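Below is one structure, written out as structure tokens; comments come after it.
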């Protein structure tokens, strides 16, 4: 390790006039003009940089990841877990039973619809708020971001409780306000009786809770947009939306794609909000994949089934992941 | 497409300055900004007045938008709960270390991914992605078993490494998105001026990364500050619990004490909001400094 | 046999009361004197032991320390919401607790999966008069795996002022017919308030619904000794469910589709004449912060009358204490439980409107008007099926879903059929 360190710093002290190993040019072309020692250094440097991250992640998550996959091919129950009794291997049984279960597919479809609604809602609102934050006076922006941070800092338990209060059938503010409108009686109206409105309220909670992260990240990205460029585009005759589309958006695109992908991933895993909103026992109509996997593992006592559902979820999500990866690699490696 | 916009040092811009909209148009935006603030902030407001109003008014059949009288008894009740200060200490230790570790290590890795091409880079990106796809709750027991082997149960570091490992992929991605946008010509020119690569990184890249670093650390902080399931399962002594576990004391079989719950969560959220306001000012000045040096 | 038992109880009392001699006990630590024994006993208790009755822990710690000055007792309080995950994880590792509190519908899961150590009934005070419903939850194939800790039974909690205003008397009716007549009168009196419910029975309150099933002679599930099957489709069970739904629809003027989570709050806001709740919930109604102190002298408890002129059979809930099989200090752990559930501590529970684990101490409660209703409910109480998969059925809310479906318009026959199918798919697999 220390030897490598010395290597890494060696060329630096030499006040080298050239770049180390930028991504812009093909590595092969670059390497030709270099001294062998420097080439070795530039090859080891990235590994040194990623080493700590790898150590932490493999150390903590390596075994659990492998174990989750192994579990999904077994039939592990509490008895196996607690008493060291080896769980029997069942091959693809968990998978065939899940994939052949119509309930599972209903949950998948419901999850996909829910995720689309939440992600589109979050990203649209987050982007608009980020753009708005650029246009307002300083004091308004500080107010906006403080409130946003306060929203973000609200623990899930509390945020969900507040929404539950507001939409409560008996003492909810929403019903009481709606009832004040002429000709409207929402007394005792239960928003959760109809799963569609119930899920709508949960989606509202999820979107509301995710907006701060998206808005703050996108706002941070927007500060990287050079104002000269936008000015130049304006002088060239570009209009508001055109400037956004051809000048602003390309710069924030990496962050936009990253945050939207993360939103997809997180919304796929929504669990706590539903659990708390439905008093810990969500009805069948409220099951989403994350919750479903959790329920199967902890209440139906099959850790293996829970694990298999997780693996299937990951595979389903990989479709989105592949799209993201292609975008990511495109942006990262400008040819 | 994105190369077109990557120009020289002009990319440095102060976060605090609005540059596009002429001043006269701003009042319209300001009004809109206030409307958005009110809509977003209403549940926060509701939390605050729930904490301040007498308990009897909370689940009332005649909701009012403001409390009839203000009481701080809920805050007192919350702070009188056993282990409050112990748990404050745990939360601070765990959050601080996991943020520093995740962001520090994440920045190095993000720089490697964003600036270098090396064997295994693609594999690493894919691994970072896949890790985030897995629902964390499904790994609860495997992670527990792993920590048990490592001796990390009931230890702060056990929770810290779990938080750091789970926010790392995100931090790497986030920071990478910002690094890609920093023209490497900037670094080059710094190195031409005789700076070493590390110095160039520190003097040129780091200030430009400030907004990204802040966004990523707030994310890591929020995760560590508010997560409770892993902390609850890993930590065993009541005085080692974090504040988010402490908060659960207000819910129980014998009813939920909503007033104290809301008061407790205000106490928990306050440091985060203050931290953010503090950091926000630093970011603005950090950017300006970057512009001068760049 | 009987003499043996008495002798055993005598020994047990001695162990619990005075410092026992090490030589009396035949265990691995027999050679060691109690005063020299070292180690740590880790105890997981639910939060009530910290908030509602902290003196039990204080008593026990003092008592235990007197016997084993070098043994360290670590009490860690848990929350009901995520305890299962924590315990499931802990049992897989090497740092499981030694003593753990379990809700009495959870115990079978842990017994069947071999997580708990066998206990000797004789080592617990008053174990010969343990409430049977609780003891049954600790027993599997004739062996005992946990000790009852406390119990809870459901009673009518009513607002005497509303009864006085409606019927002229603040006494609670003894039969259901008289009760409904009184409710009608109260309703007429309070007619102006559309949110007032003379009897507030939430529609998803399955513990109440199943009490009506029981009253008609039905049951949730039946067993032939080896296999369990859902029995909600039986005519008796359907009758009971219908009776419950009728009461909900007629007298609950709030949102009928809720569960019982906040019924004490409804009463505290004077929006209910009667609720059917745990004995201690009468205290929640009148105790701040959530309760309404103004109702202090107005709220009383009474036996809930059921159909057919009899009292409504109550569900008996409660908690048990068990020793984890992986524990390295099982004997100390067992003794800690014996100390914790001794007569003195159980007596302290009685003062908290909580039922003790034995009928001996329950008896005097019947004479006290504040606790009589709950104490009287114990002999006829019912319990959920002691079946391997019951915990999963409860956690998936199958009975709640059934009741909700009926309220939404499904026929009782269809809904009970669907519930039975679900129950049959889960009940025989250990959860």
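Just so it is clear, glycine is given a Cβ too, placed from its N, Cα and C backbone atoms.
What TrEMBL says about a protein is an automatic prediction, not a curated fact.
Outside the transmembrane segment (B:29-49), and at least 6 residues removed from its termini, the chain residues within Cβ reach (under 8 Å) are 21, 66-67, 262, 265-266. Positions annotated as transmembrane segment by TrEMBL: B:29-49 (among others).
Residues annotated as domain 'ABC transmembrane type-1' in TrEMBL: B:88-279.
Residues or ranges marked as transmembrane segment by TrEMBL: B:92-113 (among others).
Same-chain residues lying 6+ beyond the ends of the transmembrane segment (B:125-145) with a Cβ under 8 Å from its Cβ atoms: 113, 153, 162, 166, 169-170, 172-173, 229-230, 233-234. As annotated by TrEMBL, transmembrane segment applies to B:125-145 (among others).
A Cβ distance under 8 Å defines the sequence-distant neighbours of the transmembrane segment (B:157-179), meaning residues of its chain 6+ beyond its ends; these are 94, 97-98, 101-103, 105-107, 109-111, 113-115, 128-129, 131-132, 136, 143, 147, 150, 205, 208-209, 211-213, 215-216, 219-220, 223-224, 227, 230-231, 234-235, 242. Look at TrEMBL and you will find B:157-179 (among others) tagged as transmembrane segment.
Summarising the annotation, TrEMBL assigns transmembrane segment to B:200-222 (among others).
The annotation transmembrane segment is assigned in TrEMBL to B:258-279 (among others). Sequence-distant contacts of the transmembrane segment (B:258-279) (same chain, six or more residues past either end, CB-CB distance under 8 Å): 47-48, 50-51, 53-55, 58-59, 73-75, 77-79, 81, 91, 214, 217-218, 221-222, 225, 243-244, 246-247, 250-251.
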